[in-house]
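TrEMBL has this to say about the protein:
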ACT_SITE  Glu114  active site, proton donor
ACT_SITE  Asp255  active site
ACT_SITE  Glu348  active site, proton donor
ACT_SITE  Glu369  active site
BINDING   Thr470  Ca(2+) binding site
SIGNAL    1-17  signal peptide
Amino acid sequence: MFITYVMLLGLPFLISCSVLPRKFSENDLLKYRDRVSSMFYHSYNAYWEHAYPYDELRPLTCDGQDTWGSYSLTLIDALDTLVVLGNYSEFRRVAKIILKTVDFDQDINVSVFETNIRIVGGLLSAHLFSKKAALEIEEGWPCSGPLLRLAENVARRLLPAFQTASGMPYGTVNLRYGVPSGETSITCTAGVGTYIVEFGTLSKLTGDPAFETAALKALYALYECRSEIGLVGNHIDVQTRKWTALDSGIGAGVDSFFEYLVKGAVLFDKPQLMEMFHQLEGSIEKFLKQDDWYFWVNMKKGQVSLPIFQSLEAFWPGLLALTGDTEKALKSLHNYMQVWNQYGSTPEFYNVPKSTAQSSREGYPLRPELIESIMYVYRSTKDPLLMEMGVSILTAIESIAKTPCGYASVKNVENHLLDNRMESFFLAETTKYLYLLFSPDHWIHGSDGVLVKSTAGECILDTGGYIFNTEAHPIDAAAVYCCSSQKQTSDEIVQKFRNKLDITAILGFADQDYDLLQPLDEIISVAFNNTWDVNLWHLPDYLSEFYKRSPKDHIDKIQLEVLRTFAEAKDESYKGVCDAAEVHLFNYYKAKTIKLKSSTSLSCPSPSFLEMLSVGGESFEINLLID
């Protein structure tokens, strides 16, 4: 057997002419997880020993410094990573310390953007992880709790920044006094459009719509400022809505605006946000894309202004994977890994035509974006080459950045000179995404869930529907829904449904036979509590288990009664459900060709059935007959 040296997706491999990319055994994955865990704790313990209570660790001088605020930033940012790594006891210890010692009532100016993604996001995620980590929780959890109140406390101190003519926020706020006097009204695009995940979650959990309203107003205002060719710039005046930096790209100053359109759409069931993303994506593909790189262009003319790849842009393949476009994602990952393999890291700016790091921007501050995308694309494709990429990144960071007191940013990727800083996102994001890449069966990717009883009613949480904010803080979509007004409306509909539906009468069961029907009650609850919109189209699927236990000659009657119950409801809260019920009833009668005695017309509060019905291109006129 002869050996050939090749480059696959930018990575060097020694392979035989017939050997496929190697498979990773569970022992392999365990070994890599252990290495990531060691990386995390080497830095985490060094922070405790040398830097706490400062914001960040300085790994070369083994001390600490305040950077984005003065509130033990690294501790809050790393808190949920402890849960991901399974260290619940340390999570409980640190959560209690944070609740006891951190005070945001300070006369300090902070970045609205950074405080939101790192502090508010970190506290929200920690709050939602509290039950899993066995931290003592309140009766109303997940809709109440001390970590949630702390997150709300911080977010309220950020809200004054949104009091502008456009609704787009200032970039800086004083935690005690609001927007500083003389503060510039120019904010970067990401600093305007990166709030809906955290602020929307706060509104759903607390019941206060102010946060979500502010975030959406800013997001929509920014979107409306795009150019005639559909692009956004880098900086905008939030008072006048005039762009002050016309370079359009997907990297620094812009990136998470696109990310939050997608994640906001998924987390809060807002398809209009996804449509906004796809509109912007179309212009990005048309004007920015050059051979699977995305360059910077003039937002008005579309002409290339900077043929640069920025390390922050490496999030883009992961975002494409979330929207289902894995082919484009893989092609861009190929380019980005070529840069990584060239230096053992990705410089902040890389000049693509010259194939070299940009002068004065040749650092690598242990950013997570590349490994983030690798994890997302691996979840979509299960391609083992992506695991190889992860191993390459893990090995390089271990070799280049490790110091006796943690891991240090790389000041220059050309000579691997280190910088005396370890940003909090190294523990919040980089190590977390690496660990999750090598943990394909981790509960955060999907689990059976747990039934929780709270003041909001019964909810099924922790099923794997986590949305990561741009600082890699996971938000459980089921918990967000659990506390929302949407759930309350759905619960009311379910209760009306139960009150109206008398299956015992249909089947002729006596009272003592009700135990046989109990599973139906449970299945209906699951059907409605786990869908964002009450969707009758899926109701037969949810009832299928009950059908299996029912006499065959009763199934049609059950189906008919379920549909009729919805269709006959005139309450406005049944809007949409009623229409779906009519379609099902029509199909039911059409399939069964039942001969019925009397006639009645069903009426829905939304557009009429005749206007909406089209089956296989054929329109039908219907006068339902019900016996």
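Numbers run from 1 along the shown chain.
Keep in mind that glycine also has a Cβ here, set from the backbone N, Cα and C atoms.
Counting only residues at least six positions away in the same chain, the Cβ atoms of Ser311, Leu312, Glu313, Ala314, Phe315, Gly318 sit under 8 Å from the Cβ of Glu369 (active site). Calculated from their C-alpha atoms, the gap between Glu114 (active site, proton donor) and Asp255 (active site) amounts to 14 Å. A sphere of 10 angstroms centred on the C-beta of Thr470 (Ca(2+) binding site) encloses 26 other C-beta atoms. Within 10 Å of the Cβ of Glu348 (active site, proton donor) there are 21 other Cβ atoms, across all protein chains. Look at the active-site residues Glu114, Asp255 and count other Cβ atoms within 10 Å of each Cβ; Glu114 has the fewest.
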